[in-house]
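Now, the feature entries from Swiss-Prot:
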type: BINDING; residues: Arg86, Lys90, His92, Glu111, Asp112, Val113, Thr114, Thr115, Ser116, Gly117, Gly118, Ser119; note: 5-phospho-alpha-D-ribose 1-diphosphate binding site
type: BINDING; residues: Thr115, Arg143; note: orotate binding site
Amino acid sequence: MVNRILDLLIQYKAVEFGDFTLASGAQSKYYIDVKTAIMQPELLSEIAAEVAKKYDFECIAGVAVGGVPLAVAVSLAANKPCAVIRAAAKDHGKSQMIIGNVKGQRVLLIEDVTTSGGSSKYGVEELRKAGALIDSVVTVVDREGGAEELLAAEGITLHPLVKASELLA
């Protein structure tokens, strides 16, 4: 099977090798930089079209920062609303953690990269607190570091568009 997203991630050099500390705190010999790669419209639109076509949702949400451009692109491709989950509460203006209306909506959370699943779990918790109905997370790349299991314990299915093992093969 041809995976256009995988091909574009490779083309736009989404994998770098070296010594890295991941958001989870884990050490890694490689870094998957989807945030930079999706600045290319060809890749971003391919991801958006795939998610819009393949998944059933009423609202797409992303955790700041990596999930925001993805959520906006999917929103445009699917012609459905999007929401943004703040990484932290603001101390000015409105103090809401979520920008957008998710209450009573079937929400799909999108992530750029998952490893342990901590960011996704946080996003799911915030969405549920706001009254969203959520049972799935889509990630562009899953590093296969426990996110699937962590989310399953929360009743959430993880849907990777690409797995790290495919990207590194």
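Glycine is treated like the rest: Cβ placed from N, Cα and C.
What Swiss-Prot annotates, mapped onto the structure for a quick look.
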residue: Arg86; record: 5-phospho-alpha-D-ribose 1-diphosphate binding site; CB count, 10 Å: 14
residue: His92; record: 5-phospho-alpha-D-ribose 1-diphosphate binding site; CB count, 10 Å: 5
residue: Asp112; record: 5-phospho-alpha-D-ribose 1-diphosphate binding site; CB count, 10 Å: 25
residue: Thr114; record: 5-phospho-alpha-D-ribose 1-diphosphate binding site; CB count, 10 Å: 30
residue: Thr115; record: orotate binding site; CB count, 10 Å: 24
residue: Ser116; record: 5-phospho-alpha-D-ribose 1-diphosphate binding site; CB count, 10 Å: 18
residue: Gly118; record: 5-phospho-alpha-D-ribose 1-diphosphate binding site; CB count, 10 Å: 15
residue: Arg143; record: orotate binding site; CB count, 10 Å: 25
What is the interatomic distance between the Cα atoms of Gly118 (5-phospho-alpha-D-ribose 1-diphosphate binding site) and Arg143 (orotate binding site), given in whole Å?
13
Between the C-alpha atoms of Arg86 (5-phospho-alpha-D-ribose 1-diphosphate binding site) and Thr115 (orotate binding site), the distance in angstrom, to the nearest integer, is 19
Cα-Cα distance linking His92 (5-phospho-alpha-D-ribose 1-diphosphate binding site) and Thr115 (orotate binding site), given in Å to the nearest integer
32
State the Cα to Cα distance, in Å, between Thr114 (5-phospho-alpha-D-ribose 1-diphosphate binding site) and Arg143 (orotate binding site), rounded to an integer.
6
Of His92, Asp112, Ser116, which binding-site residues are close to Arg143 (orotate binding site), meaning a Cα within 10 Å of its Cα?
Ser116
Return one of helix, strand or coil for Thr114 (5-phospho-alpha-D-ribose 1-diphosphate binding site), based on DSSP.
strand
Simplified DSSP label at His92 (5-phospho-alpha-D-ribose 1-diphosphate binding site) comes out coil
